[in-house]
């Protein structure tokens, strides 16, 4: 079958095939569903049944649930920005850089496990099941983290480490579960404009988690009348402040739990899932180059952005000696807010630049601003507002390019049946970069100097540009159905045409049958 072949018949949920409307590839993805009713006289009838109505509403439920869930994930990712400086005050000499790194990395290690494991689950079992399971993990882990206690500081912090690891599995699992669902729903409702919608319900939601957690901290600490001393009264206020911040992280995912229960697996998943014995060898054979691009660039992005986010308050407090906890967090809030414009700008220009070009532009921002701050560190840190602005420019360029594009490209580069698996693997490699970057951050500062954290960021930007140029393919102009069709043809060409596809909600079919009948295709 030619890649440019145009076929308009699609398998229905029941009855005979339904027909794609002439404007079926319009931005709104409008479709007229037609099928032969068993009681009919043989003529086609236009009918939208209860299942179809639920499916159409489910796409909006999915986008809403995914967006709010990723706010929760961004919140959890940035909690360390708050509790790291608090624990340094409460536990003083005990809360060493090694302990701080262990507590921070527990979330990241959990995320790696969740991204790989749930990535497999959301392909083999379904998007909805994966999303409900990750919600429960975040809620239970968050409750345990909030209630962390021990007879010694070591006991409390170990309980917190384990609990944050459980939260991390849930947070990590939401990356493939929510992002694949959001991409498929955006493709269904917005067609080729899905990129902008996808960015607004994924990276934007992740990015605003930082300002939210810092704002909540500042509201609580100021309302409590914290004076910035080490008196027992102020220490007590800090102790319940970090627990409240942890507790808020439990309620955010619960707020959209209802919508997760109401959503359905996407139409693409219902038609294209491979739920038994996926051909992993063929996946690697066909997509190894793509995986190197998506996973490699994600590794470099997280290697830079996570330690710079988690330790941003540490960086700022080092630049402003004696600033105190509240003032440091106020500057950190300003930094996190100034990093947001990159998300909006990237969402606006992506339809003009293309995915790969935008990714390279963002990495180029690391080169420019990383070198400016790193090479002039001793001078620029004497002018605090100027330092914050250029630091924010570097962070914002990360959001503008790789922050927006890593998820977008990873969701668009793979067919539906293996999208969660490949997306989860790419994200997990990214989180490995985050864990390594977090582990290396303090040694780099201590042994090479603080300016080298920015110079190394610039080096990562240069590597990111090269990886994106040689290994990332821009498929933003194609509808997701195109890669599904190419994958089916590839399975047939490699002797796997008997693989059963579909989740069982419609008549099950195999790859060869659909390729021969032309029951699933795309329009250019």
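Even glycines carry a Cβ here, placed using N, Cα and C.
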Between the candidate ranges 173-196, 197-220, 269-292, where does TrEMBL place the transmembrane segment annotation?
197-220
Write down the single range among 73-92, 93-112, 153-172, 333-352 that appears in TrEMBL as transmembrane segment.
333-352
With TrEMBL as the source, which of 42-63, 240-261, 416-437 is set down as transmembrane segment?
240-261
Can you dig out which of the ranges 11-31, 452-472 TrEMBL describes as transmembrane segment?
452-472
The transmembrane segment (307-326) vs the transmembrane segment (384-401): 3 or more CB pairs under 8 Å:
yes
Stretch with greatest number of CB pairs under 8 Å, the transmembrane segment (358-377) reference, 130-150, 240-261, 333-352, 452-472 candidates
452-472
So are the transmembrane segment (130-150) and the transmembrane segment (384-401) touching or not, going by 3+ C-beta pairs under 8 A with a sequence gap of 6 or more?
no
Same-chain residues at least 6 beyond the ends of the transmembrane segment (197-220) whose Cβ lies under 8 Å from its Cβ atoms
63, 66-79, 81-82, 178-179, 182-183, 186, 189-190, 241, 244-245, 248-249, 309, 326, 329-330, 332-333, 336-337, 339-340, 343-344, 346-347, 350, 399, 403-404, 407-408, 411
